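Structure first, then comments.
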Amino acid sequence: MPLGHIMRLDLEKIALEYIVPCLHEVGFCYLDNFLGEVVGDCVLERVKQLHYNGALRDGQLAGPRAGVSKRHLRGDQITWIGGNEEGCEAINFLLSLIDRLVLYCGSRLGKYYVKERSKAMVACYPGNGTGYVRHVDNPNGDGRCITCIYYLNKNWDAKLHGGVLRIFPEGKSFVADVEPIFDRLLFFWSDRRNPHEVQPSYATRYAMTVWYFDAEERAEAKKKFRNLTRKTESALAKD
């Protein structure tokens, strides 16, 4: 049986028998050893190159403080990658696999109809106790419905290095602590069901995040943004 066919069957099985049930039951799930060490290493090396070459910039806050850099609230440095850039072949392969997993989830994601996603956000917490305070990725209906994070940290020891992603599932009596270990892929709902935080990191911590958009909510969010832009421009023109 061709390797591609085996991979397709494996991804479809993972999507339908693991990701979909977990998202509906607890709101999140993760897969370990997703790419394997060889391909995972290629992704890690490219991310390190981006970091060392100065491509990363301070992450910005969303919501009322949009566009503001507050290092005590959000301490990561980021850049955005489409996957087609030179030297990003391994990243592109990773993104294609995540795309296929989400595609196989299909109509089983409840009300959501996924047609597009963001670019990949490559993030580095440089240590020194940097983290990201409790927040919701999509608190106000911007279209994001699924958050996917791929971790790249070898020999990570949360007791020494911190950097745990703590999820506070809405309506649940527990919190979920996800250690950012190498080759782990995490999925969770992007809306208010999953407030989360990145606890202080005391070693360099790499991750790559993509967000998948619900088509209807995304279109409505873009419409609201266009209307707001027109109103703002009109108000400025009157001044």
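A Cβ is built for glycine as well, from the same backbone N, Cα and C atoms used for every other residue.
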Candidates His161, His196, the one Swiss-Prot lists with His135, Asp137 as binding Fe cation: His196
Of the residue ranges 62-73, 74-85, the one that Swiss-Prot records as region 'Beta(2)beta(3) 'finger-like' loop': 62-73
8 Å Cβ shell about His135, Asp137, His196 centroid, Fe cation site members excluded: Tyr132, Arg134, Val136, Thr147, Ser190, Asn194, Pro195, Glu197
Whole-number Å value for how far His135 (Fe cation binding site) lies from Arg205 (2-oxoglutarate binding site) (Cα to Cα): 19
Winner by Cβ contact number (other Cβ atoms within 10 Å) across the binding-site residues His135, His196, Arg205: Arg205
